[in-house]
Amino acid sequence: TRFPPEPNGYLHIGHAKAMFIDFGMAERYDGHCCLRYDDTNPTAEKDEYIEHIQEIVQWMGWKPFKITYSSDYFQELYELAVELIVNGHAYVCHQTGDEISEYRQLKKDSPWRNRPIAESLKLFEDMRLGLVDEGAATLRMKGDMQNENFNMYDLIAYRIKFAEHPKAGDKWCIYPSYDFTHCIVDSLEDISHSLCTLEFEPRRASYYWLLEVLDLYKPVVWEYSRLNITNTVLSKRKLNKLVTDGYVSGWDDPRLLTLSGLRRRGATPEAINNFCRDIGISRNISDIPYHKLEHHMRTHLEEAAERRLGVVCPLKVTIENMAADEVVTCKAKRHPGKPELGTYDLGIGNVVYIEESDFREEDHKTYYGLAPGKMVMLRYAFAVKCVGFEKDDISGKVTLVRCERVEVAKPPKGVIHWVASEAIAKKAGGERFGPIRAEIRMYESLFTTENVAEVEDWLADLNPGSLQVVQGCMLSAPFRSANVGDKFQVERVGYFCVDPDTSEDKVVLNRICSLKESTQAKGVKGKKK
């Protein structure tokens, strides 16, 4: 098999499915898969994209049997084009793009379709030598203008482009089309199974016709449905629009389903490949709910991610019966299911910070957080009881909760997470327990409508709440040793990844996904159009 991306953009999750099929099928049947760059359009291709593709293929866990380029075969392709002319199966045409489209609609032959073979050979040589203006001529395959299949209507085989090629340099000024190149290179590389998405199915006729008239080996062609996911776009044109016009921060924006975006968000290759395995291979075209992908992220991270403590919206708590200089050390599990990973130390003093949502002024029987007169367990530490609270006079917002440490025979049912205050680092024995200030980026669907393709003004459907940046978050001291790309479960909050924007002064975390599937994902779907 072969994985044949065009190096004119960044790979997205649809390419992950293609890789899973191309590399996965070869692996399953003890075969080989080549990574082949379909680099026939020098004006759209960049070394940046070539390097990105190779890096992403490796990150996804795939090892190509060999790496090739369609441009490796430019000489053979040119010679086969000459052979096609000699055998009466191609001709040089001077119609414009609009004229070609018009004649195809009418099933009408080009005025130059039956020009003498010698004349086409001479003109094609002039094209190769750069003696014909760009756009003044193309080489077209002489298919069947009366065929029921539109892809048999004298497809373009070569066009003139006075552009330097990223790999071939300035050797050529004529470049082969996809329809001419793809099937021939499949044959030259001895591909046994040419796997592609269903939009290429109508091209199967021209694929086999060209190999037949050139008397070349014919691989098996097999199509499957492309991947569509709700509330996003995977079109290269639309992705490019979002990036170049600044609707997102770049090709690796964590809201995009580009593979670099998913990697920056914190998705793992294992989760993406498991998602591809779960959705299967079929010819049925449907929109896969985004929460299926999140499910596989969550499942893999539950098993792989170490645990840490952190608070998104800090609320100050004083423990009134602890001495001001007291520091209690407690052990926290790195992973509850992996005792071999051991524990890490946390320090707690007479001031801690909890999540704002873990305190209520009025208790309720289904609520397990702090409330006046109520006890909770501080995760990994001890039980505390709320003895009072203070509010801002103007806003009415709770600004401080007063508690006391209590000894209990049976731990209370409610367990909440916490982070030590900055003051602990100034106490004897608490120097290593000082918290870290952080910025946390919360992500939601990039678009509000499930099927964005059906929205006429798709940019107007962008979700204004797709990114929420929360400043002033607090993380426990062990985050100091975290590196960019590290993934953690912040207990009771969600799964997070350390973003490249992290600096010595501030940690930046991207939320990968929540701890549990949201109510919306379970049944309350986005709006449809």
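We number each residue from 1, going along the chain as drawn.
Note: Cβ is positioned from N, Cα and C throughout, glycine not excepted.
Feature list (source: TrEMBL):
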type   : residues : note
DOMAIN : 1-302    : domain 'Glutamyl/glutaminyl-tRNA synthetase class Ib catalytic'
DOMAIN : 305-404  : domain 'Glutamyl/glutaminyl-tRNA synthetase class Ib anti-codon binding'
DOMAIN : 415-499  : domain 'tRNA synthetases class I (E and Q) anti-codon binding'
Based on DSSP, tally up the residues of the domain 'Glutamyl/glutaminyl-tRNA synthetase class Ib anti-codon binding' (305-404) by helix, strand and coil. 6 helix, 50 strand, 44 coil
By DSSP assignment, list the helix, strand and coil residue numbers for the domain 'tRNA synthetases class I (E and Q) anti-codon binding' (415-499), in that order. 20 helix, 34 strand, 31 coil
Any idea what the model's mean pLDDT is for the domain 'tRNA synthetases class I (E and Q) anti-codon binding' (415-499)? 95
